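The structure appears right after this line, and notes come after that.
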Amino acid sequence: MDVRRQNWSVPHATSLGSRDHIFVGRSASRQDKTHKVIHDLVAPRQPLLDDPNINKDGTFNPFGQFKFTGSLRPRYPLSEKRVVPDHIKRPDYAEDGVPTSESRKNGQPPKILTLEEQEKMRTVCRLAREVIDIAASHIRPGVTTDFIDEIVHNASIERNGYPSPLNYRGYPKSVCTSLNEVICHGIPDQRKLQEGDILNIDVSLYYDGYHADLNETYPVGRVDDDSKRLMRAARESLDEAIKICKPGALFRDLGKVIEPIARTAGCAVVRTYCGHGVNDLFHCAPNVPHYAKNRAVGTMKAGMTFTIEPMLNLGTSWDLVHWPDDWTATTVDGKRSAQFEETLLITDSGVEVLTAGKRRDDLYD
């Protein structure tokens, strides 16, 4: 996952953001109100002839007055929170949504993993790659993003892993599914995939005390040339950035590689979110911006694990708009966005892509 430059969805971090105020000091009455809101979001609504936000099948758009930037609309109700068996080891935020360990270690330098810890990262990253590949195999028109969430959840559980996004800062699902103009953090719902869509699946897995994080953007059936160009540029920018990773390389130099590739393809690099350290913490130092002329601090050292995950938008705008769900980030002009992410380990001689998968022919000439 990504975060804005500082945390999950914090301005300038990677993946879901800093929302500790949501969970601290909540009164009983506020909890009751929250319970009612959750109930409303998982309960189908009766269609009304004069309400365009309620569909004939009982699904609905809960943000009818919101000015969406593109054609995509949320399709609620959300399914109930999925259950994780008791025997599976959980991260500290699993129950209350608060990543206390991340807060305690905020501001510390990037962790250097021991050889034993590196092996644990290899294991969890291999499992996470298996999960995303299973999820991707189910992509086709007519499948809902909620079904993709179910696939990811079950595949994680089958591997005795905990889906890292689940309840991280209150996130309600086990995976992020970002369609078309959604840049990141799309919440799986009842919307069915359609021919010509592009879908980003962002899988994060917690196993044996360590997190893995990766994502890919996939075509749904046949897609237009702009979507192909966008996805290929996003993949190429990640590939080329990985090539410069080694001990002594500067984190700020990654953006120098990524942004020219994006611009040549007629795309803009999102600045609000960036890559991040990942190990026994879901999100930690270092921060890894993807645009040129950034001010990222730090040098790569053997034993560091982190993600690179450039988000590219078609056109010239890198800015974003959040839906009222406080998670879904979309392009400001409704144009499409694509992203790819890998978890990396810096070795004594270079870099190891811990989440590497098979080469996709649709992304290369």
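Including glycine, each Cβ sits where the backbone N, Cα and C put it.
Here's what TrEMBL has on this protein:
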| type | residues | note |
| --- | --- | --- |
| REGION | 87-110 | region 'Disordered' |
| DOMAIN | 119-348 | domain 'Peptidase M24' |
| BINDING | HIS185, HIS283 | substrate binding site |
| BINDING | ASP202, ASP213, GLU341 | divalent metal cation 1 binding site |
| BINDING | ASP213, HIS276, GLU309, GLU341 | divalent metal cation 2 binding site |
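For the pair HIS276 (divalent metal cation 2 binding site) and HIS283 (substrate binding site), the Cα-Cα distance reads 6 Å. Per DSSP, the region 'Disordered' (87-110) is made up of 5 helix, 0 strand, 19 coil. Across the fold, the C-alpha of ASP202 (divalent metal cation 1 binding site) and the C-alpha of GLU309 (divalent metal cation 2 binding site) stand 10 Å from each other. Each of the binding-site residues ASP202, GLU309 was scored by other CB atoms within 10 A of its CB, and the lowest score goes to ASP202. Here the CA atom of ASP213 (divalent metal cation 1 binding site) lies 10 Å from the CA atom of GLU309 (divalent metal cation 2 binding site).
When the binding-site residues ASP213, GLU341 are compared by the number of other CB atoms within 10 angstroms of each CB, GLU341 has the fewest. Rounded to a whole number, the distance between the Cα atoms of HIS185 (substrate binding site) and ASP213 (divalent metal cation 1 binding site) is 13 Å.
For the domain 'Peptidase M24' (119-348), the mean pLDDT of the prediction comes to 98.
Residue pair HIS283 (substrate binding site) / GLU341 (divalent metal cation 1 binding site) shows a Cα separation of 14 Å. A separation of roughly 14 Å, to the nearest angstrom, links the Cα atoms of HIS185 (substrate binding site) and GLU341 (divalent metal cation 1 binding site).
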